[in-house]
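Peer 1: This is the structure I want to talk about, given as structure tokens.
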Amino acid sequence: MTEFSKTPLLDTIRTPEDLRKLRIDQVRQVADELRLETIDAVSVTGGHFGAGLGVVELTTALHYVFDTPRDRLIWDVGHQAYPHKILTGRRDRIRTLRTGGGLSGFTKRTESDHDPFGAGHSSTSISAGLGMAVASELAGKKNNVIAVIGDGSISAGMAYEAMNNAGAMNSRLIVILNDNNMSIAPPVGAMSAYLSRLYSGKTYRSLREAGKQIGKHLPKLIADRAARAEEYSRGFMMGGGTLFEELGFYYVGPVDGHNLDHLLPILQNVRDADTGPFLIHVVTQKGKGYGPAEAAADKYHAVVKFDIATGAQAKAKSNAPSYQNVFGQSLVKEAQKDDKIVGITAAMPSGTGIDIFEKAFPKRTFDVGIAEQHAVTFAAGLATEGYKPFCAIYSTFLQRAYDQIVHDVAIQKLPVRFAIDRAGLVGADGATHAGSFDNAYLGCLPNMVIMAAADEAELVHMVATQVAIDDRPSAVRYPRGEGRGVEMPEVGIPLEIGKGRVIRQGNKVALLSFGTRLAEAEKAADELATLGLSTTVADARFMKPLDVELVLKLARDHEVLLTIEEGSIGGFGSHVMQTLAEHGMLDGEVKMRALVLPDVFMDHDNPVAMYARAGLDAKAIVKKVFDVLGKDAATETSKLA
């Protein structure tokens, strides 16, 4: 610990039970110390930052008022849960966040009983919370379920589906809307806090319930008008609550999420209520309590290691452009020649490179929010009118729009262009964000063109290829992070559809790569050459349509054929095996194996370590070749020593 973050009261807290023994004035001090500890920890590890600082008081209040983990506390997405982890027995490991063997950057059921539901993706908390609340009622228990969801996450359709269901069931669910963007622009202050306490209190709820019961015995027209008048009066005084009231929630707020004098009595009132569901609208500030993060919330949403005194982040020197920037720049160049090109993102403009496109073509850029399903069908609609939509979405988030890809795009052969970022393993964000499955879930669909960029130069050409494909949907996948530092083309040149390329020619072993594992395949070929095994290295470029001619030639001309991909079982390697089987090539002498990600959800680590563990680095490729040949790589190497 540094002088900056001495935490005498926090040092006495091992579990929330310790927190609940303190006086209210001490709770305020705990919150201050918790903020200092969060700042200090993230300065060491990096990670999501601004959102966690914004919920320090809320986190402290929730654990003080509710009996966690008996009361279930669910954090939507989970990236704001670092303060929660510190208060729930994980402080001693908080400086292992997002490192191999360390704490997850999100909530995780296997990590603590205080994480009743794991997360990573958005907008799941209310559905999960409702399930827990109903389970509690069915079991005859009376514990509270609290779902904390941000104003960005609550915009997704799944959240509204859950609220609609919860309101109709009158379940004892508590939803806390963490509004840190002021998107609803509510009044915040003493009067709002007073009214929130009033409306969360027993007297108001009892009167309201009595009114509902009386309304059941009134003529329908009068009852409807009375209910409408009550909703309008609440909307006039409180602002922002009418929608949630229509969904069947008791709306409480807006409340200053940094004022414990306001938060604690409201949470206590709601805790002691006999009815539900409740929605408490809490207004917070991202980066609260740390000047640089308050001044630039976007830059401090997620950080690398940084200097606490200055806020300067220790970013490594770049040796090559990032794939997302190459995509964005390539799309701009193509759009300068074609006014039908438009860019679409689902709340990730900077993460996908669409922000680069937006600066050049703001009117042709569409950020639809956390709404991947809508993004895909919106793109499909644009395609029907002759536009060329590029839908840039992370591989892991594209999973959320699978039915739209099938039903709205592929069946109709609409030329939507998918730019699939974060393909393969993503390191510190772990299993919830890994792009492991798109090869498999897209490869089984008719009418798709599927490409993977082996390096940043290939990505430029593949963007140009997508522009030229106007009779069916297409997808190009590429990983997180920097490219290889290869020479970049001035302009993209459309590739021949369904044709791969041979990088180097050999005659004993063939390594057929799909994606950026090509670099490791080349390293493996160098090693195999020193061991006397002449090795061909090929870049498939396309998974669909597959270069059948290339695949058959590699199988005929080599004793061993390995496919290598940054994807799960059922992807590129499976397509190659299917092709070989159909041509009778697996009946002969070729020894074929598919190197894929292991059939597990891999925990977070740095990408190099993860790919080594997955058996997809050069060393593992060499070992696999010798395993197939029935030899030991270490023995063969020692013979040459």
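Using the three backbone atoms N, Cα and C, a Cβ is placed for every residue, glycine included.
Look at Swiss-Prot and you will find H79, G120, H121, S122, G152, S153, N180, Y290, E372 tagged as thiamine diphosphate binding site, backed by sequence analysis. Feature annotation from Swiss-Prot assigns Mg(2+) binding site to D151, N180.
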Peer 1: Under a three-state reading of DSSP, tell me whether E372 (thiamine diphosphate binding site) is helix, strand or coil.
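Peer 2: Its secondary structure by DSSP: helix.
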Peer 1: Run through H79, H121, N180, E372 for me and report the binding-site residues whose CA is within 10 Å of the CA of D151 (Mg(2+) binding site), in sequence order.
Peer 2: N180
Peer 1: What three-state secondary structure does DSSP assign to D151 (Mg(2+) binding site)?
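Peer 2: Coil, per DSSP.
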Peer 1: If you count other Cβ atoms within 10 Å of each one's Cβ, which of the binding-site residues D151, E372 has the most?
Peer 2: E372
Peer 1: Give me the long-range Cβ neighbours of N180 (thiamine diphosphate binding site): same chain, 6+ apart, Cβ under 8 Å, in sequence order.
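Peer 2: Result: A51, G54, G150, D151, V283, T284, Q285, K286.
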Peer 1: State, in Å as a whole number, the widest CA to CA span among the thiamine diphosphate-binding residues H79, G120, H121, S122, G152, S153, N180, Y290, E372 given in the record.
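Peer 2: Max Cα-Cα spread across the thiamine diphosphate binders: 33 Å.
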Peer 1: Specify the count of other C-beta atoms within 10 Å of the C-beta of H121 (thiamine diphosphate binding site).
Peer 2: 22
Peer 1: Including all protein chains shown, what's the count of other C-beta atoms within 10 A of the C-beta of G152 (thiamine diphosphate binding site)?
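Peer 2: Other Cβ atoms within 10 Å of G152 (thiamine diphosphate binding site): 20.
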Peer 1: Cβ-Cβ under 8 Å from H79 (thiamine diphosphate binding site), same chain, 6 or more residues apart: which ones?
Peer 2: H48, A51, G52, G105, F106, A302
